[in-house]
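Peer 1: One structure, as structure tokens, below. Some questions next.
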């Protein structure tokens, strides 16, 4: 009970920055999930093939990786971190506005690359700032943080679904084609391959039709709605900058210490006599003067083997689960609408929402569970659950019902893996300590 009271007290003292970092991850979730259900509409908008539009996914995910790697540059001071987060969240809103005007797949890939960089920066900076505030008690707050990722990712496909086209590419008279196409899907399932050629012809835009004449989708409205929904997030970051007196337009005076740092000073008497008199908001993190300072050989002197083993294992788990989350949510819709399943576009549009919905639900359940169950136990349960789910999906790969059940199960087991693994490494390695001095 005393632990719960202490955590609640820390939350009260850091309520505004905590809520801001949580809302920032709502932007992350909103941006990571929209590509899956809108894939075919974007393919028609850019007049590209499925293999060409797939490069948009690669562009986003690759730049997300780069953004995550180089986002650490902005964690040196609180000012740099908050300005990086503000720029990233604002860039996500701008990306949503620009996407409907991208009629070339290369331009769309560049726009999604910008979104990926912004998302990667958010992923690194917001996670590290939350861990810096709550340190050993960060597990439950990281679960809430990633709950907001799931909430944003759940909302994104739901916003897009009413605006999705039932056909891949329809000319102006697409209403008749939509009806005939749905009948042909049914006829194909009943009569076999007799109508396969008719189906492929009915889904193609006539070769003589100019690209700009295609008006078969209204998905642009979905992107603009998402841009408006995301707009309060950079405003919240701006308010936090103002509260911390880091806006250049505000009168400059000596900033106060963060309450989290005051708490750290109270609980660590040995650090009271730190010679640095500069506020942590403007003071660089010791040992992180440059991007590769963490890799200096002196930092690993005397570190046991378990230090490296835990880092490598955590990196592999996060690499697998994070990549799996993005890839599955992006391509499950396309997999469902193609043969042999041939699920209707509207019905298949619910698959990404189901996936992210169970990720959100799992992270919601993980908030109270993480205060009672060790992070290592949660990671182990999730890994076993994911392997069993994939085994079921492979065995029943041609069954639509098992596709929906497996999608929900996979989302549930993926939900808490990332925050639990992050909390486990924080508990074991103590990020703020020298690796050579920590007891593992």
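Backbone N, Cα and C define each Cβ position, glycine as well.
A TrEMBL annotation is a machine prediction, not a hand-curated record.
Below are the features listed in TrEMBL for this protein:
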| type | residues | note |
| --- | --- | --- |
| TRANSMEM | 21-40 | transmembrane segment |
| TRANSMEM | 52-74 | transmembrane segment |
| TRANSMEM | 81-101 | transmembrane segment |
| TRANSMEM | 107-126 | transmembrane segment |
| TRANSMEM | 138-160 | transmembrane segment |
| TRANSMEM | 221-241 | transmembrane segment |
| TRANSMEM | 307-335 | transmembrane segment |
| TRANSMEM | 347-365 | transmembrane segment |
| TRANSMEM | 377-396 | transmembrane segment |
| TRANSMEM | 402-424 | transmembrane segment |
Peer 1: As a test: from 21-40, 52-74, 402-424, pick the stretch that has the greatest number of Cβ pairs under 8 Å with the transmembrane segment (81-101).
Peer 2: 21-40
Peer 1: If I count Cβ-Cβ pairs under 8 A between the transmembrane segment (402-424) and each of 138-160, 221-241, 307-335, 347-365, 377-396, which range comes out on top?
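Peer 2: Maximum Cβ contact count belongs to 377-396.
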Peer 1: Under an 8 Å Cβ to Cβ limit, what residues of the same chain, 6 or more beyond the ends of the transmembrane segment (21-40), are close to it?
Peer 2: 53, 56-57, 60, 85, 88-89, 92, 95-96, 112, 115, 118-119, 122-123, 126, 129-130, 144-146, 148-157, 159-161, 164-165, 168, 219, 222-223, 226, 229-230, 232-233, 236-237, 326, 329-334, 337, 345, 348-349, 351-353, 356
Peer 1: Counting Cβ pairs under 8 Å that sit 6 or more residues apart, are there three or more between the transmembrane segment (377-396) and the transmembrane segment (307-335)?
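Peer 2: Result for the transmembrane segment (377-396) with the transmembrane segment (307-335) is yes.
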Peer 1: List, by number or range, the same-chain residues at least 6 past the transmembrane segment (52-74) whose CB is under 8 A from its CB atoms?
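Peer 2: Cβ under 8 Å, 6 or more out: 35, 39, 42-43, 46, 80-81, 83-84, 105, 108-110, 112-125, 128, 288, 291, 323, 326-327, 330-331.
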